[in-house]
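Since the structure comes first, as structure tokens, the remarks are kept for the end.
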Amino acid sequence: MTQIPVIQNPEMVNPQDLTAKTNLLGMSKAELSQFFADLGEKPFRATQVMKWIYQFGVTDFYQMTNLSKKLQQTLDEVATVSPPTVKFKQFSEDGTRKWVFEVAGGSLVETVLIPADDNKQFGRKTLCISSQVGCALDCSFCSTGKQGFERDLSPSEIIGQLWVANQSYMENVPVTERENRVTNVVMMGMGEPLLNYEPVVASMSLMLDDFGFGLSKRRVTLSTSGIVPKMYELAKDIDVALAISLHAPNDELRNELVPINKKYPLKELIAAAKSYVYDENPRHKKHVTIEYVMLKDVNDTDEHARQLVNLLKDLPCKINLIPFNPFPHAPYGRSSNNRIHAFSNILNQAGFVCTIRQTRGDDIDAACGQLVGQVTDKTRRAKQWQEKVSKTLQSKASH
Ligand code: SAH
Ligand code: SF4
């Protein structure tokens, strides 16, 4: 597949230049109102400026034509609208787009946009967003986990990923004709979103806000490996769809694949999921999807499927089977298509709606769960792990 070559972003901003200015990107409506109040302005300036930033992709205060000349000038002096720096971008012919961002401190994070099959101009476009640099949870099949944890992303670094993705469709479009193109967001990039709770919730609020990106609550999905106490908090704080990375139907196997299960075992996780669906207000019934990565001969047998049916029997949910994305030194293989379909049939026959995730974006190393492919791998844990795997491989080869 032909690829558009990697492009260095021409608009790279030197973070040193911004130290004195307030970044308005990622500020909540309340924070922005306060910011304008401090400037002696009316609070409604907040929503005016939010519309410019999030709906028209404007960063230049002098282009915000409903602000007075004086306010434009003041904002230019004291504020900025600065998304994280785009280090590389790659757009592939099937419509998949990938960005590598350099965030403050020099770390890299990745964002991937995957269009629906038809890749129509205004068709469904799902953006997979990162919430942390690396991840502390060390799931055994996840390349992000192998990097270890570096740091949390700030709201501007999280919402900035969506802002840049939308902006990529606005080049050379007059301001008044600009429209956001990303239709769906999944917090399924690098990191565990519920371990960076406040910035993630603040960013999702901007995604839903009518003056922000105005996405519908069904089209914003937070994916978690199961941080149980935070799932209860989330249900109270914001109405978004929840995906739970289950990956195993019993505690013994889940302890191995998703080690956080030792802290929050399946019984507690399923109870939290049920409580998320059945909010105290029945009109607020929320959506839960169970994510299940298909690892050859590890969690993909008929018996595992039957255990899964039993585990989920009282939880209204959809199940999404994810073919495993191999990465260098990964100790697993991807289940065959036949196996995945047989597994899915057992779930269907038990009455579950079960989908199989298409692995798109493979051509640019951009499938979710593989977001560290080109990201520098600095941590000791990753090194130790790679040494361990290569020793095992060597000893296997010598037998
Ligand atoms: N930390 C969160 C969100 C990021 S991971 C979570 O675990 O849910 C996003 C999804 O990608 C999760 O369902 C995760 O289990 C899955 N994933 C991770 N590595 C993968 C791989 N190598 N192949 C397929 N899916 C993977
Ligand atoms: Fe972290 Fe999610 Fe990867 Fe597990 S699957 S290591 S929680 S990013």
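Every residue gets a Cβ built from N, Cα and C, even glycine.
GLU110 (active site, proton acceptor) carries a strand DSSP state (E or B). If you look up TrEMBL, you'll see GLU110 marked as active site, proton acceptor.
Residues or ranges marked as active site, S-methylcysteine intermediate in TrEMBL: CYS368.
Every protein chain shown contributes to the tally, and the Cβ of CYS135 ([4Fe-4S] cluster binding site) ends up with 24 other Cβ atoms within 10 Å. Annotated [4Fe-4S] cluster binding site per TrEMBL: CYS135, CYS139, CYS142, in sequence order.
All chains included, 27 other C-beta atoms sit within 10 angstroms of the C-beta of HIS247 (S-adenosyl-L-methionine binding site). When secondary structure is read from DSSP and collapsed to three states, HIS247 (S-adenosyl-L-methionine binding site) falls in the coil class. TrEMBL lists GLY191, GLU192, SER223, SER245, LEU246, HIS247, ASN325 with the feature S-adenosyl-L-methionine binding site.
Look at TrEMBL and you will find 121-363 tagged as domain 'Radical SAM core'.
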The domain 'Radical SAM core' (121-363) [mean pLDDT, rounded to integer]: 94
Filtered recorded positions, from GLU110, SER245, LEU246, ASN325, whose Cβ is under 6 Å from an atom of ligand 1: SER245, ASN325
Integer Cα-Cα distance in angstrom, CYS135 ([4Fe-4S] cluster binding site) to SER245 (S-adenosyl-L-methionine binding site): 14
C-beta crowding around LEU246 (S-adenosyl-L-methionine binding site), within 10 angstroms: 28
Number of Cβ atoms other than its own within 10 Å, given for CYS139 ([4Fe-4S] cluster binding site): 23
Contacting binding-site residues, sequence order - CYS135, CYS139, CYS142, GLU192, SER223, ASN325 vs ligand 2, Cβ under 6 Å: CYS135, CYS139, CYS142, GLU192
Where GLY191 (S-adenosyl-L-methionine binding site) falls in three-state DSSP terms: coil
